[in-house]
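According to TrEMBL, the feature L-glutamate binding site maps to R43. According to TrEMBL, the pyridoxal 5'-phosphate binding site annotation covers A77, S78, W103, T153, D173, Q196, N238, T239. Sequence annotations record features per position, and here TrEMBL assigns domain 'Aminotransferase class V' to 7-341. If you look up TrEMBL, you'll see K197 marked as N6-(pyridoxal phosphate)lysine.
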Amino acid sequence: MSDRRHNFNAGPAALPLEVLQQAQEQFVNYGGAGMSIMEMSHRSGIYEQLNNETQALMRELLNIPDHYHVLFLQGGASTQFAMVPLNLLTGGRVAAYVETGSWASKALKEAKLIGETAIVATSKPDEYRRMPDLTNLVLPEGAAYVHMTSNETIQGTQFKSFPDTGSVPLVADMSSDIMSRPLDISKFGLIYAGAQKNLGPSGVTVVIIRDDLASGAPEHVPTMLRYDTHVKNESLYNTPPTFSVYMVNLVLKWIKAKGGVAAIEKANAEKAALIYDEIDRSGGFYRGFAHPESRSPMNITFRIADEALEPLFVKESEKEGFVGLKGHRSVGGLRASAYNAVPYESCKALAEFMADFRRRHG
Ligand SMILES: *Cc1c(COP(=O)(O)O)cnc(C)c1O
């Protein structure tokens with residue numbers, strides 16, 4: 001498929017070619033039903049089976065214990081920024097936030113609309129270049145939960161471990177690194193992730209919620225914004241994003257066939273190393289944005305020391321078949337998002353392009 005680009009988009013992002021081809025094959029006639037998955041009732045046996053199987057695959061791949069529910073919701077991770085405090089920030093308590101960059105700040109902004117918040121760790125003084133140390137977190141009295149962002153998509157930083165928050169539920173936005181590494185789910189009260197980075201297309205948001213947190217939303221919280229609604233109805237309270245869930249199903253099967261999340265983690269580390277190694281050996285021509293210990297294998301952020309060369313880098317890269325290398329408009333610079341579905345070959349080609357660009361302009 002030589003007409004496929006080297007896709008480093010931050011989100012929506014690359015999907016496995018095998019998955020796209022499989023969807024293409026099943027597009028007009030899903031499983032012999034004589035119609036596409038998009039054209040059938042979400043109350044049909046076929047869709048119910050798909051919904052159940054996709055939940056089961058999530059459970060299997062992430063080793064999710066029985067006392068958690070897996071939900072498929074809409075509204076993106078951005079809706080979870082509000083749903084989390086609407087459901088969990090109750091009884092006049094305080095929500096503790098870890099401030100690590102653009103997405104953590106947006107999550108905090110929503111929580112502030114709903115109740116009292118406290119910032120319990122921040123890397124703002126470091127310009128969000130590193131993840132703060134969470135080993136000795138001091139939480140406010142009666143904290144409702146601790147919220148963290150496992151991977152900051154825009155800054156290119158990632159937590160390498162997760163804190164023990166004791167009896168206070170840990171909530172994590174994992175939109176840009178879910179399914180990229182094994183997790184100890186039992187450390188978390190709630191995990192959420194928009195699908196369009198590592199799980200599938202946009203339109204569905206996965207929520208993994210511990211059963212005891214799924215009840216207890218105040219009565220005034222609207223039906224669609226309550227976790228208990230979706231738990232009770234197995235994510236079928238209203239019409240779900242059926243095609244997106246179907247695509248997530250195919251992506252999860254692809255991950256399973258690759259050997260699961262441990263194998264994916266290893267592959268991701270090798271892919272990211274190709275690009276970080278070129279940054280590190282460039283003698284200062286390229287400068288990584290994140291401190292080495294917080295580097296994300298998902299979003300590789302860097303600058304060219306001579307920033308005036310950055311537009312040329314983007315322009316030349318596009319001519320060579322690369323897309324998505326311009327940094328987020330809020331921080332500038334360059335960014336390569338090397339999610340699960342980005343092939344090793346694309347990362348190798350990018351490292352080679354970077355070396356070549358450096359030789360020509362260094
Ligand atoms: C992309 C992203 C979001 C926003 O997701 P939407 O689905 O667009 O609402 C939130 N958090 C992180 C970490 C992200 O990468």
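Placed from the backbone N, Cα and C atoms, the Cβ positions cover glycine too.
Keep in mind the model is a prediction, meaning the values are calculated, not measured.
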Considering the binding-site residues S78, T153, Q196, N238, T239, which residue's Cβ sits among the greatest number of other Cβ atoms within 10 Å?
T153
Would you pick out, from the recorded positions R43, K197, the residue whose Cβ has the largest number of other Cβ atoms within 10 Å?
K197
Hey, how far is Q196 (pyridoxal 5'-phosphate binding site) from the residue listed as 'L-glutamate binding site', Cα to Cα, in Å?
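So the Cα of the residue listed as 'L-glutamate binding site' lies 25 Å away from that of Q196 (pyridoxal 5'-phosphate binding site).
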Using all protein chains in view, find how many other C-beta atoms are within 10 Å of the C-beta of D173 (pyridoxal 5'-phosphate binding site).
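So the Cβ neighbour count for D173 (pyridoxal 5'-phosphate binding site) comes to 28.
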On the 0 to 100 scale, where does the mean pLDDT of the domain 'Aminotransferase class V' (7-341) fall?
97
Are any of the binding-site residues A77, N238, T239 near ligand 1, with a Cβ under 6 Å from it, and if so which?
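Passing the 6 Å Cβ check against ligand 1: A77.
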The record lists A77, S78, W103, T153, D173, Q196, N238, T239 as binding pyridoxal 5'-phosphate. What's the largest Cα to Cα distance among them, in Å, rounded to a whole number?
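Spelled out: the longest distance between any two Cα atoms in A77, S78, W103, T153, D173, Q196, N238, T239 is 30 Å.
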Rank the binding-site residues A77, W103 by the number of other Cβ atoms within 10 Å of each Cβ, and give the residue at the low end.
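Output over binding-site residues A77, W103: least Cβ neighbours within 10 Å is W103.
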About how far apart, in whole Å, are the alpha carbons (Cα) of D173 (pyridoxal 5'-phosphate binding site) and K197 (N6-(pyridoxal phosphate)lysine)?
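Cα-Cα distance, D173 (pyridoxal 5'-phosphate binding site) to K197 (N6-(pyridoxal phosphate)lysine): 12 Å.
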Within 10 Å of the residue listed as 'L-glutamate binding site' by C-alpha distance: pick out those among the binding-site residues S78, T153, T239, and say none if nothing qualifies.
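Matched binding-site residues: T239, sequence order.
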Let me know the DSSP-derived helix, strand or coil state of T239 (pyridoxal 5'-phosphate binding site), please.
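In the DSSP reduction, T239 (pyridoxal 5'-phosphate binding site) maps to coil.
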